[in-house]
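Here's the structure we're looking at; comments come further down.
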Amino acid sequence: MQFDNIDSALMALKNGETIIVVDDENRENEGDLVAVTEWMNDNTINFMAKEARGLICAPVSKDIAQRLDLVQMVDDNSDIFGTQFTVSIDHVDTTTGISAYERTLTAKKLIDPSSEAKDFNRPGHLFPLVAQDKGVLARNGHTEAAVDLAKLTGAKPAGVICEIMNDDGTMAKGQDLQKFKEKHKLKMITIDDLIEYRKKLEPEIEFKAKVKMPTDFGTFDMYGFKATYTDEEIVVLTKGAIRQHENVRLHSACLTGDIFHSQRCDCGAQLESSMKYINEHGGMIIYLPQEGRGIGLLNKLRAYELIEQGYDTVTANLALGFDEDLRDYHIAAQILKYFNIEHINLLSNNPSKFEGLKQYGIDIAERIEVIVPETVHNHDYMETKKIKMGHLI
């Protein structure tokens, strides 16, 4: 499929056009028509009904939903993607409420600041959806994408969306969406690209505290940061004056290795080695909440169960339904930029960290190898990292 850039899609939306938004192939893997309520024209919903044929919904911010008393459709939401449907509505000025014109009227009234809860009949023929406050950075769904796109065009936080179906009633995917795009001359973007766009556009960390931290390996300055969209807490250890070409270690949290000195992995040994190096040569350790390469502590323990049955660290993740590595280094890049650092010497054996930082504008001037001894317990793990994951060990 050929995707357009986010800026061109925003321009199209602001001109009243409809675009196609495609989600992750591991999620619904479908395309929705998306329009911004404030900019859409009288033909938008008619086009969706005739050409896309899916359910026409109206994503809105939580503020709009609360102001208009749009309560959840059900108390116990069992939708597999957690889509926040409210009770369906028609505006009181409609008749049956089902015509494209009347659904357009209802959608427009959702963003009218003079509208009140009593102005909408329930149930109706338009289905509001409530977006997460943090948008696609909290949930990578079409609901959040529509509201984020509206905000990025400068409009009120509301949109209209509709799934695209093929002529035979199946959901349009892949080349079907490409043909639909070409037939109707529409812009097409991915939610993943929208996520990256927002990450580059908006600050994602907040500085919270700085203290002196004496350790077994020397005394460091410890900075505390909070990720604004996930509420994750990140700590950074520094030694010496902060400068360009700083020696930097990105360390993914490993409770079992860092705290309990597990020999299943080499994480604890790498952290200690890096602290000794930074204490001697100066630099920075960014300690990231990425337990189990991003799958979390309990899932990592589940992966260990599979490893005890003969899986390796990669195939265990895949068997649990995860990619081999879910980590993203945007937060790390944001922290480096907070310190005005764009060029670093990276303490790492993992090539994916190099690429992960480069895509966010960080230049890797030099790689510093982290050498730790192998144990009888982590031999297979180390071999898998080297052979399957390309680690330089």
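Just so you know, glycine gets a Cβ as well, placed from its N, Cα and C.
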**OP:** With R249, L250, H251, S252, A253, Q270, E291, G292, R293, S348, K353 listed by Swiss-Prot as binding GTP, identify the candidate in T228, T313 belonging to that site.
**Re:** T313
Subject >> Swiss-Prot Zn(2+) site partner of C265, C267, selected from C162, C254 >> reply: C254
Original post:
Do any residues at least six apart in sequence from R249 (GTP binding site), in the same chain, have a Cβ closer than 8 Å to its Cβ, and if so which, in order?
Top reply: S274, Y277, I278, G283, M284, I285, I286, L346, L347, S348, V370
Original post:
Could you give the Cα-Cα distance between D325 (active site, proton acceptor) and R293 (GTP binding site), in whole Å?
Top reply: 5
**OP:** Within the region 'GTP cyclohydrolase II' (201-393) only, compute the mean pLDDT.
**Re:** 95
Subject >> Cα proximity to H251 (GTP binding site), best match among binding-site residues N140, H142, E163 >> reply: N140
